[in-house]
Amino acid sequence: MSYRVVIVEAEDSPDPRDVLAAAIRAGDVGRVSELLLSLPPPPPLAFGLLQASSFGNRDILELLLDACTPSELPSLLAAPADRRGRSPLHFAAANGDWAAAQLLLARGADVDAVDKDGLTACAYAAAAGHRGVMDLLLDAGAAADKAAHDSSTPLLLAAEGGHAHCVASLLRRGADPNATANDGTSPLLAALEGGHRRTAEALLAAGAQASGTAGGRTALHWAAHHGMVKVLEELLSKGDASGVDAVDEAGETPLLLAARRGHTQAVQLLLQHGAATDKPNSAGVTPLIAATLFGHDETVAALLARGAGITVRDATFKRTPLHFAALADAERVARLLLQHGADAAAVDTSGATPMDLAVEYECTMVVRVFTSRG
């Protein structure tokens with residue numbers, strides 16, 4: 001969702017709306033006042049309110065509101081003002097314009113009006129991380145848990161964006177930490193997928209459950225992927241260790257994801273909770289191979305200390321971890337593997353040894369490792 005919503009109209013059109021829009025964009029209060037008197041009746045007040053809410057000029061917004069008759073103001077504030085069914089309050093919320101939102105509410109704007117997707121102004125503010133406006137709307141009676149057509153709530157949208165301050169405020173006001181969207185995404189999964197540690201920790205503290213998947217991955221997968229050790233500890237302590245070897249759509253376990261990104265503490269924690277050391281993905285890549293490919297020597301050492309297999313091979317080229325260390329020119333990893341008994345003479349499907357690959361791809365640091373061994 002955009003952090004700023006702006007209406008753009010062609011400026012060479014004689015349409016009265018374009019003339020009014022230009023004056024509003026320029027912040028010209030006097031010109032807007034003149035146009036309200038000179039434009040052919042009826043003046044495009046609904047359009048003007050939307051423009052003023054979009055561009056955040058309180059004086060112009062107040063001028064336009066004052067130009068509305070008491071009988072027409074409620075319908076103008078409630079009427080869908082753009083193709084997505086958004087009202088002026090939606091725009092003020094999306095743009096974080098507290099003053100505009102406060103003014104619109106004071107003039108009677110419906111705090112729980114929804115757009116075509118079923119999203120309220122509170123949802124827009126939460127998604128954009130505008131806590132001030134969000135709290136204003138909640139204080140005015142906005143429903144903290146009002147779900148959109150896809151069942152997403154303001155809390156889920158705030159969690160998805162990593163807006164921990166908004167998440168905390170919504171939780172204090174009673175938002176359900178386990179309300180899920182139609183696709184099964186929960187606030188916790190949304191926060192974890194986005195790598196938002198503080199948000200995830202706040203949700204767990206509020207009782208969020210680690211059920212479901214996002215992007216084919218469990219909460220453990222995402223916590224491991226982002227190296228969130230505290231979150232992993234919390235998940236595992238809550239009995240989620242049973243899913244420690246769950247696989248995603250690529251056949252990858254949380255351990256493999258953590259190893260690939262060099263999150264050594266996460267790797268050690270998962271191993272302590274029984275993660276399978278050598279479980280490969282669909283391409284035959286094990287956690288050790290994944291860590292080796294990216295030269296994560298500390299992670300490699302942690303895996304080797306737990307007995308990770310040094311003779312395992314990937315499914316495509318039948319290469320050992322030492323082959324991949326050679327390709328990555330990972331000197332320290334190569335030394336570790338050799339110290340643990342890796343076979344420097346092992347060949348892949350093309351008949352190449354690790355040394356052959358290091359020479360072919362000019363991986364000079366690993367070449368020196370092999371040549372120094374005699």
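Each Cβ is built from the backbone N, Cα and C atoms, and glycine gets one as well.
What TrEMBL says about a protein is an automatic prediction, not a curated fact.
Worth saying up front: this structure is predicted, and the values here are computed from it rather than measured.
Record features (TrEMBL):
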- 84-116: repeat 'ANK' (REPEAT)
- 117-149: repeat 'ANK' (REPEAT)
- 150-182: repeat 'ANK' (REPEAT)
- 183-215: repeat 'ANK' (REPEAT)
- 215-239: repeat 'ANK' (REPEAT)
- 250-282: repeat 'ANK' (REPEAT)
- 283-315: repeat 'ANK' (REPEAT)
- 317-349: repeat 'ANK' (REPEAT)
Sort out the residues at least 6 away from either end of the repeat 'ANK' (150-182), same chain, that have Cβ-Cβ distances under 8 Å to it, and list them. 1, 117-118, 120, 122-123, 125-131, 134-135, 138, 144, 188, 190-191, 193-196, 198-199, 202-203, 206-209, 212
Which residue counts does DSSP yield for the repeat 'ANK' (150-182) in the helix, strand and coil classes, in that order? 16 helix, 0 strand, 17 coil
Looking only at the repeat 'ANK' (84-116), what is the model's average confidence as pLDDT? 95
Residues of the repeat 'ANK' (283-315) by DSSP state, where helix covers H, G and I: 16 helix, 0 strand, 17 coil
Determine how many residues of the repeat 'ANK' (215-239) DSSP places in helix, in strand and in coil. 16 helix, 1 strand, 8 coil
